[in-house]
2 protein chains.
Amino acid sequence: MDPNPIGFQHHDHSHCVADAVAAADRSCREAGLQLTPVRKRALEILLEEHRALGAYDVLARLAEDGFGSQPPVAYRALDFLTKHGFVHKIEKLNAFIACAHPGELHTPAFLICTTCQAVAEAETDPSHSLLANIAETTGFRISRAVLEAEGTCPNCLASEKR
Amino acid sequence: MDPNPIGFQHHDHSHCVADAVAAADRSCREAGLQLTPVRKRALEILLEEHRALGAYDVLARLAEDGFGSQPPVAYRALDFLTKHGFVHKIEKLNAFIACAHPGELHTPAFLICTTCQAVAEAETDPSHSLLANIAETTGFRISRAVLEAEGTCPNCLASEKR
DNA sequence: CCCGAGACGTAATAACATAACATGCACCAG
DNA sequence: CTGGTGCATGTTATGTTATTACGTCTCGGG
Ligand SMILES: [Zn+2]
Ligand SMILES: [Zn+2]
Ligand SMILES: [Zn+2]
Ligand SMILES: [Zn+2]
């Protein structure tokens with residue numbers, strides 16, 4: 001079990017938080033959005049952890065840093081970040097995770113390891129999407145899709161075999 | 001992918017509840033599972049409604065019928081039904097719905113209309129599954145997948161245009 | 001008869017999420 | 001400058017979803 005997986009590999013974590021926050025900052029400025037202190041801090045928290053956190057986990061850290069301590073503080077920040085694509089909600093876990101591919105418009109797919117709790121965000125090809133095909137044949141117009149899979153990550157599979 | 005979502009068409013509802021319950025009964029007997037009165041009634045409730053119900057909605061109806069009135073009563077019945085494929089949980093809605101294609105082993109995909117609340121269950125072709133491909137390239141072993149899309153159903157699209 | 005597994009019931013609590021309302025501040029029209 | 005509007009933030013209170021813990025009953029095998 002491995003505390004720092006992006007995807008399921010280790011990586012040097014030192015710069016990615018700052019980089020991602022800077023990118024979000026830029027992106028918000030361009031779009032006329034306000035990446036306020038709470039929102040920015042919430043994003044940082046998720047990036048630092050690099051895993052799925054519950055809203056109350058985020059809230060506790062925000063409160064430590066002097067922000068409000070009531071649920072709406074966290075939920076509002078997370079709503080903003082989710083709405084604008086900087087963060088995704090993992091429905092299966094009722095938890096939030098920083099987007100691993102921000103900027104691009106995408107429908108993420110998540111792989112959730114039930115052994116080590118790691119969550120990887122995979123890119124999907126929208127044109128080949130299963131759901132897109134279904135939608136086409138049924139006449140349904142999709143606005144948002146959720147793709148999540150629970151299972152065992154490569155690392156934990158390897159450990160099992162030993 | 002086999003597109004047969006019974007979700008967005010009207011259909012004669014009179015026999016499908018009894019049929020589905022009978023099928024579940026048979027299936028449980030074969031598998032050595034106990035489809036006890038609470039469990040059977042919970043399944044009936046979901047079939048009768050033919051839509052996604054929250055656990056507490058199911059619980060209220062079970063209580064009306066003389067079963068226990070505390071949350072675990074509903075959650076245990078729903079866990080059983082979900083575990084054995086008679087019912088699916090819609091993660092986006094925190095709600096449960098009777099399986100529209102019971103018996104077959106399948107990974108369902110759900111189309112959720114945000115206008116009329118209808119939920120359709122579509123079959124997916126496991127071999128073309130997006131997630132299966134991702135899993136293959138990353139070495140992740142999938143045990144359960146969640147595929148859900150929010151949007152507008154054909155009926156509501158038609159109404160919009162008028 | 002005794003035992004263990006599993007189904008069911010209750011009480012209590014945890015975990016997740018939103019409603020409703022008040023304050024402060026930037027911005028702009030008058 | 002001033003009043004008003006929009007929006008972000010904060011708080012209190014409450015609503016919704018889910019689980020833990022524990023006692024009872026029943027059914028079968030030894
Ligand atoms: Zn993403
Ligand atoms: Zn793992
Ligand atoms: Zn199904
Ligand atoms: Zn509809």
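Please read every residue number as a count from 1 along the shown chain.
The backbone N, Cα and C atoms fix where each Cβ goes, glycine too.
Curation does not apply to TrEMBL; its annotations are automatic.
These numbers come from a predicted model, not from an experiment.
According to TrEMBL, the protein carries these features:
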{"type": "BINDING", "residues": "A:C113, A:C116, A:C153, A:C156", "note": "Zn(2+) binding site"}
Excluding its own, the Cβ atoms lying within 10 Å of the Cβ of A:C153 (Zn(2+) binding site) add up to 27
Most Cβ neighbours within 10 Å, among the binding-site residues A:C116, A:C156, goes to A:C156
Those binding-site residues in A:C116, A:C153, A:C156 passing the chain B Cβ proximity test, under 8 Å, are A:C153
Per DSSP (three-state), A:C113 (Zn(2+) binding site) is strand
A:C156 (Zn(2+) binding site), DSSP three-state class -> helix
